[in-house]
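Structure, as structure tokens:
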Amino acid sequence: MQSSNHRLRDMEQHHPLLSAGADVETGILGAGVMVGGPNSGHTVGNRTVWFIQDSCGMVCATMTWFLVLYAEFVVNFVMLLPAKNFWYSLLNGATFNSLAVLALASHLRTMLTDPGAVPKGNATKEYMESLQLKPGEVIYKCPKCCSIKPERAHHCSICKRCIRKMDHHCPWVNNCVGEKNQRFFVLFTMYIALISAHALGLSGMHFFTCIKVQWNECSDFSPGVSVLLLIFLCLEAILFLTFTAVMFGTQIHSICNDETEIERLKNEKPTWERHMRWDGMKSVFGGPPSLLWCNPFTGLHLRRLLAGTQGRRGGSEFSV
């Protein structure tokens, strides 16, 4: 006799409504908090804009943007623009600003992408009967969001949804990290680590250069203000570099072992077919290794988004 987990997996193969695309196919993803009235949702195709209305997460996400923009200000206006070497300023400015844009784009994609939410409230009697389950087939119901719970899904108390392959809920991106947005979270940690390391290197060079000459010649700001701005930037860069580098390594390790952080902490034995190493990376980032893996704009359809925005009649809909 099969175990319940194996029976669940067999049932999912026979019933595609429990697959990764179930939220779009069933049209239940739109259930959420709507701004502008209950019938005035902003949808793109069959999808709604995903945004978690959590006060702590929104504050942390705002702080993330503020700190990145602060680093941009110090690097550009305190260190690079006053520099006498044109090519030094141009190359470092182009590199740092490009990485900062990629980091913020990755943050937005992580925050505004559905992490893999299971359709909410689909565990109804009528829906259960429509599945036409065979004798011995087992499905699981989440008592908190009243949804049919696929294998490897966990309930998030902040998102108030069951999330497929949920790794953890990160307040800094105000969203869960799950099946559909993990790649963007990995890119976010990578680019933040890179700009933090770059900012530390530039700060060291700036201090070394200004020690040789007068501080007034190194910056358009007064020596006291320049030193305070640089010290705060260095502290910020050290903290961000340490945190994001560790998180990046943890995420890559989880992907290569096909094991989420929750599954590791709960010591859950895998009952699924594991995608190890490069197979795991391909399943998360999509396709063979290429530069597209580093592109946070992949899969973003601006024309469809603009068309949906121009054609709407009400406010925006936010799924929670």
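Cβ atoms are placed via backbone N, Cα and C, with glycine included.
Keep in mind that TrEMBL annotations are predicted by a computer and have not been checked by a curator.
Marked as domain 'Palmitoyltransferase DHHC' by TrEMBL: 141-267. Per TrEMBL, transmembrane segment is recorded for 56-80, 86-105, 184-207, 227-248.
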TODO: Tally the residues of the domain 'Palmitoyltransferase DHHC' (141-267) by DSSP class, grouping H, G and I as helix, E and B as strand, and everything else as coil.
DONE: 74 helix, 19 strand, 34 coil
- [ ] Looking only at the domain 'Palmitoyltransferase DHHC' (141-267), report the model's average pLDDT.
- [x] 89
